[in-house]
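Data block below; observations after.
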Amino acid sequence: MAIVSSKSPDPAERRSQAKTKPSVSEPQDSLVRPQAAPEESQRPEDQIRPQRLADYIGQPELKDVLGIAIAAAKSRQESLDHLLLYGPPGLGKTTMALVLATEMGVQCRITTAPALERPRDIVGLLVNLQPGDVLFIDEIHRLPKVTEEILYPAMEDFRLDITIGKGQSARTPSITLHPFTLVGATTQIGALTSPLRDRFGLVQRLRFYEVEALTDIVQRTARLLNTPLDQAGAEEIAKRSRGTPRIANRLLRRVRDYAAVKAPGPITGAIAATALELYNVDPCGLDWTDRRLLSHLIENFGGGPVGLETLAAATGEDAQTVEEVYEPYLLQIGYLQRTPPGRVATPAAWRHLGYEPPQASGQLTLQQLLTEPET
């Protein structure tokens with residue numbers, strides 16, 4: 001299976017893309033953010049990616065569904081149905097697209113939606129696909145409208161409708177395409193338009209990983225990187241990885257660096273814990289910014305409730321960054337609650353930071369939290 005990436009546009013495209021700002025200002029120095037770090041995007045990850053469905057760890061329901069789809073497509077000698085993968089970043093959507101291509105014995109063409117801002121960008125990709133090839137579009141919710149409309153007939157009828165000319169002299173010739181499989185990946189499925197979403201025959205969600213599955217992933221990566229690691233060391237890294245394989249592999253690399261300099265030999269649980277404390281990743285996977293947000297909420301606002309804008313101003317972050325970068329994991333592990341009157345730190349968050357939770361009598365009742373308007 002060959003992997004072809006279209007993430008390196010021509011100079012004109014690079015200049016155009018440089019003008020596009022990301023929707024959220026995200027910290028780039030944190031080890032526990034699920035977004036790919038720049039060096040992870042640039043460095044080939046083929047050596048640690050699983051190549052076959054049987055080697056893909058975790059996501060058992062997804063593997064069962066896709067295993068059936070692959071077997072059925074092979075038996076009919078057809079291409080796979082179009083697939084939409086959604087879920088938080090770092091859970092293996094790109095890896096799954098590559099696995100599908102390997103299982104089907106075809107090429108995988110990789111691109112991102114922001115790179116397809118002009119019609120010729122997507123047309124060039126589609127006309128060069130061979131029968132059965134996989135076209136993977138990351139961040140598909142960010143497709144420009146004109147590009148999305150070109151995809152409609154391509155996905156349904158394997159046909160390109162190109163308008164040439166304007167006004168009464170305009171004509172729309174059709175170009176027949178080879179059958180292909182479009183795999184779209186998104187972290188915001190609600191941002192997709194209904195016409196695009198409805199054209200996917202398979203829509204599957206990737207879920208956060210359990211510690212056991214992450215431990216297996218860490219051990220597998222360590223073997224591929226020739227890094228001696230015991231069970232306790234793998235578990236220590238896994239439990240601080242926020243349920244995300246990308247973070248687990250990133251933490252393993254940092255622990256490997258620490259061990260090479262400070263503690264040569266197999267990485268034990270104690271070594272992994274010491275290394276990750278050095279990098280400000282605590283046993284629950286919280287980093288300094290997560291703890292600062294909770295500390296502000298507890299120390300300055302008595303644990304809440306407090307409105308999003310107020311909390312963002314107190315922490316020096318913009319509201320969108322707080323809502324989309326910091327809060328999801330805090331909500332996932334039960335350290336933060338979103339209520340109509342605002343954000344509330346849970347008793348578990350108080351105890352994790354070493355504070356004594358206030359007595360229930362001093363708290364707003366659940367009914368009050370559900371009915372009071374947010375300030």
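Cβ coordinates are placed from backbone N, Cα and C, and glycine is handled just like the others.
It should be emphasised that the depicted structure is a prediction, and the values quoted were computed from it without experimental measurement.
The ATP binding site annotation in Swiss-Prot covers Ile48, Arg49, Gly90, Lys93, Thr94, Thr95, Glu156, Asp157, Phe158, Arg199, Tyr209, Arg246. Swiss-Prot lists Thr94 with the feature Mg(2+) binding site, giving sequence analysis as the kind of evidence. Sequence annotations record features per position, and here Swiss-Prot assigns DNA binding site to Arg338, Arg343. The feature compositional bias 'Polar residues' is assigned by Swiss-Prot to 19-28. According to Swiss-Prot, the compositional bias 'Basic and acidic residues' annotation covers 40-49. If you look up Swiss-Prot, you'll see 1-50 marked as region 'Disordered'. What Swiss-Prot records for 13-209 is region 'Large ATPase domain (RuvB-L)'. The region 'Small ATPAse domain (RuvB-S)' annotation in Swiss-Prot covers 210-280 and is backed by sequence analysis. As annotated by Swiss-Prot, region 'Head domain (RuvB-H)' applies to 283-375.
A separation of roughly 39 Å, to the nearest angstrom, links the Cα atoms of Arg343 (DNA binding site) and Ile48 (ATP binding site). On its own chain, Arg338 (DNA binding site) has Glu327, Leu331 as residues at least 6 apart in sequence with a Cβ closer than 8 Å to its own Cβ. Counting only same-chain residues at least 6 apart in sequence, those with a Cβ under 8 Å from the Cβ of Thr94 (ATP binding site) are Ile110, Phe136, Asp138, Ala185. Take Ile48, Arg49, Gly90, Lys93, Thr94, Thr95, Glu156, Asp157, Phe158, Arg199, Tyr209, Arg246, the residues named in the record as contacts for ATP: the widest Cα to Cα gap among them comes to 37 Å. All protein chains shown were included, and the count of other CB atoms within 10 Å of the CB of Gly90 (ATP binding site) stands at 26. Counting only residues at least six positions away in the same chain, the Cβ atoms of Gly58, Gln59, Leu91, Ile217, Gly243, Thr244, Pro245 sit under 8 Å from the Cβ of Tyr209 (ATP binding site). DSSP assigns Arg338 (DNA binding site) to a strand segment in the three-state reduction. In sequence order, Thr176, Leu177, His178, Pro179, Phe180 are the residues near Phe158 (ATP binding site), counting only same-chain partners six or more apart with C-beta under 8 A.
According to DSSP, the region 'Head domain (RuvB-H)' (283-375) comprises 51 helix, 9 strand, 33 coil. Listed in sequence order, the residues of the same chain lying 6 or more apart from Glu156 (ATP binding site) and placing their CB within less than 8 Å of its CB are Arg199.
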